[in-house]
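Annotated features in TrEMBL:
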- 16-37: transmembrane segment (TRANSMEM)
- 66-83: transmembrane segment (TRANSMEM)
- 90-109: transmembrane segment (TRANSMEM)
- 115-133: transmembrane segment (TRANSMEM)
- 160-182: transmembrane segment (TRANSMEM)
- 188-206: transmembrane segment (TRANSMEM)
Amino acid sequence: MDKLFNLYLTVRRNQYLSFFVIWMRYLIGFAFVPSGLTKLMGNRFTSIPTSNPIGFFFEALYQTGIYWQFLGLMQVMAAFLLMTQRFATIGNLIFLGIITNIFLITFSLQFQGTVYITFLLFVASLGLLLWDFPKWKSLFFPDNFKMEVTIEELPTYNTWWIYTGVIFFTESLICSFGGGIFKSASSVVGVLILIVVTAILSLLLFRKYHKTS
């Protein structure tokens, strides 16, 4: 166990991997908002006809009403928590439960193309869960356990990354309310430009923050 934990610390101390994890949280959350908000607003998620098993399944979910909106609420909540960085572990636990179900649905219904995307999101969520291993490892300990707490100087988010997450979440809401991110090729390009600009600004502010601190 000690060897595994030392290996974890070696990986966890990598500054570049820390940046990668932060941005993975942003992108996963950003991708989850449009579909979640669609459900939360009480709208259909797909236009596939009910003669198709996939369309029939989603129409049945849509007809549940409150449950359909609840799914959307949990998706939006998971996305927001992931983007805040501060509560990303909670957000990822919610996300993992949702994406596991979505992956199994797309696999069972042979949803071509989408099944690969949901599988990658599922793997990414597992990776984020392993990244936060010290936060949840005590769940497997017996009652009345004792544990020594040591503080490790590990690279992590700061205030700038939290601000960036709030900006990304706001952008994702605006894009979703504007008719959907993937409504047209121009909207996709616009969203990509928005993400790149936000990323560059956040990185510049992050570097400036470290130089002055």
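Any Cβ shown, glycine's included, is placed from N, Cα and C.
The recorded stretches the transmembrane segment (115-133) and the transmembrane segment (16-37) share 3+ CB pairs below 8 A when only pairs 6 or more apart in sequence are counted, and are therefore in contact.
Within the same chain, residues 45, 71-76, 78-80, 82-83, 85, 88, 91-92, 95, 121, 124-125, 127-128, 131, 154-157, 161, 164-165, 168-169, 171-173, 175-177, 180-182, 195, 199 sit at least 6 positions outside the transmembrane segment (16-37) and bring their C-beta atoms closer than 8 Å to a C-beta of that stretch.
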